[in-house]
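Some notes on the structure that comes next.
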Amino acid sequence: MTSDRGSVLMICALFLAAVACRGHTFDKKVAQLLREEPENIKCFAERMRDLTCFWEEGESRNSSLHQYTFTYTYQYRNENSSACEVFEMPMLAARGRRLFYSRLPRIEFFAQLHLCVFRGGRELYNRSLFIDQVFLLDPPANVTVVKTGQRGQLNVTWLPPALKYMDDSMMYEVRYAMEGNPMRKETVKATTKLTLRGLQSSSKYKVFVRVKPDGITYNGYWSAWSDPAFGTTPPSDLDPVIVVLVLVIILIFFLLILFVLVYHRKSLLKKLWPDIPSPEHKFPGLFSVYKGDFQEWLGHSNSSTRPIHAFTEELPSPLEVLSETSLAAPLPNHLSPPRPATTPRATGLLREDSDTTEQGEEPLQSRDMDAGLLDRWKEPPHTHWLMEQLRALQKHPQALSQSSLLESQDTYVTLNQNSQHAKEEGRQEDDILEESLPLQALFASGDTSLSAASHSDLGSLQQSSGSGRLSSQSSFEYPNHTWPPKGPGYTYMAVADSGVSMDYSPMSSSMGKGVVYANEYILGHRRPLSGQQVHS
Amino acid sequence: MPSVSGLVNVVLMVLMWMGGCQASPLRAVCDPRVLERFIREARDTEAAMRSCGGSCAVTSVYTVPLTNVDFTDWEQKDIEGQVAEVQVGLSLLVQALVAVRKTVSVSPISSLLDSNIINIQSLIHIIHSLSSQAQPLTYLEQSAQTHTHSPSELLHAQTNFLRGKVKLLLSAACRTLGS
């Protein structure tokens, strides 16, 4: 018994010497368990051959080291426990505490172990444990980080603990991070390599690894972190396949746009660069034949192409109201009462008298006029006399000024339908008198109004008709003018458009010769109207 | 859980009945997940019995194998000795488990015990294939058994025996098979 006890003590001493030589690693493990293990007898197995147990005491206790006894016994053995020598570690001296430890020389796994600490013969601490459940291994060695050849990946490898029978019972935790970034962790079991994925390119990573038994057969505490290992991820490079695909897609897109542009170039050009409207089609041959010489075009154009005569700008034409009785044939439409001379700026197109007279009834039509509003204008029989009158008026424009009010530049010919049926004799003079009134007396802004005579487009035509009042187009230029109402007996029909407008007034029989006026609007309200007196 | 364990045992038995190479059933158990599941189920039964207290089963004297492993001594034993020790231990365990099962009427523990019994029987068959010599199952090594007086201690012994000696033996056998 004494020899056995002595041999055990010697073995304990030898192991303690080995422990002393280990130094730093052992101190670190002890420090770790001091933080993690709540039991006061704290034990850990580093390898398969030994178990280290320690406990701490307060400084207040001035106990001698030899007062402490550490005993152990396995449950399955129905025998007395064995004792092991106790040693003291100075590591807690700065904190005012004492640390004692002991080491079992020979251990058995998978069997319950009872431990006791006695001080002065009195039990201080005790604990029962399985040695295979308190492993505290050394951190993995030779941690290596290498590139895998793929973007954003690194391969980490390490050596397992050199423990027999435990190589398939280990689990590892890998911690890695870029400089200044938070740590990421991954856990693996029964393997000593790990591929880190999802890493940033061209970045340096620091990797740590620690080990612990997996808890199935063996268990224990997480080891300390290994020394850091560094690895740099490869730079990101574009996959050539991706580059080619992107280029192909861009090329296809470009060709598609080009095709759309070429196929729809006309409509696109129309929308982006619309053609400026040209009145060329309204004046056939004006630009192609006469090179834009309007006078020449007027002179050479025939009645079929131009339904109305054109005024020269320099010759304002007066207008006179033709008396109804002076006309041989009743005319549904009559020209307006006389008007003052228009300004030289006024231009207009008049219906050609001679041609229309010879043709007899001929509809007052132009391309710009709505035939629905105009009745057939019957040519008076005295067309030649009319032409002469017109020419005379052109030579003596002063005679045309009869009303200052017609400085409004607009001339209207009022059409009195009722006067056609009225008996001429009784009303001829009245008509003459009325017709001799300034035009503003004949015109009245009423219910009917001209509209759209201000259209600059020659092709547009706006008409207003009705019995009642006629509002002068001149209101566009002289909006303050108010035309006195003509009278209930007058029916006004005003046709105004950009090219032609014809206002007809009842013909005055007292005049003997009816005067047919035709006033034309050209190019909207900005153009003053001019009328040409046509005597029938 | 019990169904999967039962299925594994059936697979092992089928492989054994197919005969042929003695290593066939061993190959199945060489998957570490198989023995891990046996160990987990033994722990589950132990935890269930502990929570049940002493009312779930009748207290009796059960003969159980010793579970301690001294690696130095273990390595000094030959394979035959290891196989014999494990075979005897498994035999003792299955007998004790059957005896406890008869006294348990609580459903979770009874089913867990059934799984444990099946697992032990599977291991007996597998380890029997490792021995070249026919070892009578009634052979007992006196120094390798002990007695326990509670079902909890019995189940604790089962867990430790599986974690220790059974795993060591199978690891060595599978390592030899793999090489």
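Just so it is clear, glycine is given a Cβ too, placed from its N, Cα and C backbone atoms.
Note that the structure is a prediction, hence the values are computed from the model and not measured.
What TrEMBL lists as signal peptide is A:1-23. Here TrEMBL flags A:Cys43-A:Cys53 as disulfide bond. The domain 'Fibronectin type-III' annotation in TrEMBL covers A:139-236. Taken from TrEMBL, the feature transmembrane segment covers A:241-263. The region 'Disordered' annotation in TrEMBL covers A:329-369, A:452-483. The compositional bias 'Low complexity' annotation in TrEMBL covers A:454-475.
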Tertiary contacts of the transmembrane segment (A:241-263), as residues 6+ beyond its ends and Cβ separation under 8 Å: none
Tally of DSSP helical, extended and coil residues in the domain 'Fibronectin type-III' (A:139-236): 0 helix, 48 strand, 50 coil
Other C-beta atoms that fall within 10 angstroms of the C-beta of A:Cys43 (disulfide bond): 25
Sequence-distant neighbours of A:Cys53 (disulfide bond) in its chain (C-beta under 8 A, six or more apart): A:Ile41, A:Lys42, A:Cys43, A:Phe70, A:Tyr101, A:Ser102, A:Arg103, A:Leu104, A:Leu115
Overall pLDDT of the domain 'Fibronectin type-III' (A:139-236), taken as the mean: 93
